[in-house]
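Noted in Swiss-Prot for the protein shown:
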- SER11: active site, nucleophile (ACT_SITE)
- GLY50, ASN82: substrate binding site (BINDING)
- ASP186: active site (ACT_SITE)
- HIS189: active site (ACT_SITE)
Amino acid sequence: MVLRYTALGDSLTTGRGSGLFSPGFVQRFGDMMEADLKTRTAINIFARSGLNTEEILGLLSYPYVQKCIRDADMITITGCGNDLIDSVLAYQTSKDETIFSRVSAHCHENFEKMIAKVAEIKGENPSPYAIRVFNLYNPFPEIDIAGKWITSFNSHLETLASAPHVKIADAYSIFKGKEQEYLSFDGVHPNSKGYQAMAEAVHKLGYKELSVS
């Protein structure tokens, strides 16, 4: 049997910052599933650096992406980091705190749409599957308002876990206080240690939704 894993998202899903020959969290998590479940994992990645949540949602309209989603046992999603960076830059210019609440609501709405779209693609009576959505870590601990916004956003994101199949992987807690250790030289993306920590965060959520677990 092959476990099919589809990863959607932004630069975190591509593994940006991990180093030339070092994998991001996707390959690491795939390897963990292989070891735990004693089955081969086939991975499909649909992600690009710079994508915002609206663009990640748009990936789900492509026929080949839909096929991979339909077949997937495990789905992971990263997103909203680029929306966050854009809003921080806009705030530094305008000092308008409502930017964060607008971006937060927009991101959350897009995550809800992604989960609904996955359910629509899966159709009625699908095979067991799991969705893991990463919350946001804070690459800007020196900007107070960014920290408040991320905490609020992550709290709101937890409501997604009320949907069947969905659990939230906690990147925020594992990066808090370890930014220097877990972030790459650009100060935004994880390094190899950071991606290992992300893989462990999603791994510890288990696979009880899957028939192979």
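Cβ atoms are placed via backbone N, Cα and C, with glycine included.
A quick note: this is a predicted structure, and the numbers were derived from the prediction, not measured.
Sequence features, as recorded in Swiss-Prot, placed on the structure.
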residue : record                   : DSSP (3 states)
SER11   : active site, nucleophile : helix
GLY50   : substrate binding site   : coil
ASN82   : substrate binding site   : helix
ASP186  : active site              : coil
Rounded Cα separation (Å) that holds between HIS189 (active site) and ASN82 (substrate binding site): 11
Separation of alpha carbons, the residue listed as 'active site, nucleophile' and GLY50 (substrate binding site) (Å): 6
Residues satisfying Cβ distance under 8 Å from ASN82 (substrate binding site), sequence separation of at least 6: ASP10, SER11, GLY50, LEU51, ASN52
Cβ-Cβ neighbours of HIS189 (active site) (radius 10 Å): 23
